[in-house]
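Reading through the structure tokens given below for one structure.
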Amino acid sequence: MIEIQFYNSLSGKKEKFSPANPHRVTVYSCGPTVYNFAHIGNLRAFLFVDVLRRSLKLLGYGVDMTMNITDIDDKIIRDSIASQKSIQEFTTPWTEAFFEDLKTVSAEFLEHYPKATESIPEMIQIIQRLQNQGLVYEKDENLYFSIQKFEGYGKLSKIDTSGMKTGTRYDTDEYDKEDVRDFVLWKSPKRKGEASWKTSVGTGRPGWHLECSAMIRKIYGSGVDIHTGGVDLLFPHHENEIAQSEGAFPEESFVRTWLHSEHLLVEGQKMSKSKGNFYTLRDLVGQGLDPKAIRFLLISAHYRSKLNFSTDRIAEASANIRKIQNCLDRLLDIAQNVKIDPSYSFNDELTLRWKKEFEESLADDLNVSKALAVVFESLKTINAFLDSKKNRVAEISANEFIQILAYYDRIFGVLNFESQKDPLIDSEIDSLIQERQTARKNKDFARSDAIRDQLLAQGILIEDTKDGIRWRRK
């Protein structure tokens, strides 16, 4: 088990990660609001959770992770009423689409995906405890949290509530940091067809912020080691979660470490439908983009840095995957019967150093970009070694290199470890290359170019090197 340093949004600095139980690190992540397809900004946040999960496991920790499904909020109620469907009928297809998107980008599935509507009793329990603490008041049949009565309000977002006018409040779920007001815990129905529950605190439905506090309590009993989400959720959502949970259960620790992933830009601009740069994963796949390249790009930058999504960056991601895969394919041609072993013990001094540097990069606040530098340094060395030996290396050496690439891919999840070698196809390619060489000797450049184009159309690239002609698959 390797010591990890995380940047904790609560303290504003890197800290040694000290989970209550390293063999069961508890993690809660804010998931999708299922009223439409997730956009690629959402996807970056979801893939950050995937990198966190994979990194914790690779560094020796056990995990118990949750991502919620928000299946009741203002937007869902608005759109379900417009479509004349029940909440469940409306949200089920969007929930299924979310899981399909996760599969498309090879995200590992978590232990829990609770729906907000499944935790109404836990929400009522929190409200009742807050009422007992004197932190709740009623107005127009809605229940509100009085933030001025909670001493610790603002400790995550570092806002100052001293200038807030007493009794000002918000009924909507989302609002700006510059306009702090009391937030709603429980809303009475205002429109015909609006979903509601009959409870001991009144007929209504939960405010968005209450939902996550309740789901954490239902699954974990108290608090969690790590809570993640996009930086846009830091205020008001996560600040309000703290207020509710610590207000209701002041004797308990709610969250030890807060991790927030930064915004995604598209072609250097904030994503917006009005700008025409708003994309879902399905939009991009429909345009012919490789899901592996999308995944690789979205996880390649440090999670606390803004990431620019562009056609050039996607092309770069595709090229980088090809570089790694081409090196792997060369090795698989040598050691065709290799089995990937997650518990493999590296023997070579070089691979041991790469493994250590890769782990240290991830343990440094999930520094994936630094880890990638280790990957490409090792690729350069492996390819140079294979070139110097003209691919005539022992299977044991090839296997060592294959295992280190597999180790890297436990984070990136983009490689194919099935051998691409097919003797029949290879012999045909070799025959065509020999024919091309003959054509070039005879100065039949038209025939030479035609063979090159024929091979290229089949995904075969020819490289003229000082050691002779080498070919590889794209």
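Every residue gets a Cβ built from N, Cα and C, even glycine.
Under 8 Å, Cβ to Cβ, and six or more positions away along its own chain, Cys30 (Zn(2+) binding site) finds Ala45, Met67, Asn68, Cys212, Thr228, Gly229, Gly230, Leu233, His237. Secondary structure at Cys30 (Zn(2+) binding site), taken from DSSP and collapsed to helix, strand or coil, is coil. Summarising the annotation, Swiss-Prot assigns Zn(2+) binding site to Cys30, Cys212, His237, Glu241 and lists sequence analysis as the type of evidence.
Positions annotated as motif ''HIGH' region' by Swiss-Prot: 32-42.
Averaged over the motif ''KMSKS' region' (270-274), the predicted model reaches a pLDDT of 84. According to Swiss-Prot, the motif ''KMSKS' region' annotation covers 270-274.
Within 10 Å of the C-beta of Lys273 (ATP binding site) we count 8 further C-beta atoms, all protein chains included. What Swiss-Prot records for Lys273 is ATP binding site.
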Next item on the list: Give residue numbers and ranges for long-range contacts of the motif ''HIGH' region' (32-42): same chain, 6 or more residues beyond its ends, CB-CB under 8 A.
Entry: 69-71, 73, 75-76, 79, 90-91, 94-95, 97-98, 101, 230, 263-264, 266, 271, 278-282, 284, 294, 298, 309
Margin query: Please identify which of Cys212, His237 has the densest Cβ environment, defined as other Cβ atoms within 10 Å, among these binding-site residues.
Written below: Cys212
Checklist line | Spatial separation of Lys273 (ATP binding site) from Glu241 (Zn(2+) binding site) - C-alpha basis, Å | finding: 30
Check: What is the Cβ neighbour count of Glu241 (Zn(2+) binding site) at a 10 Å cut-off, with all protein chains included?
Finding: 26
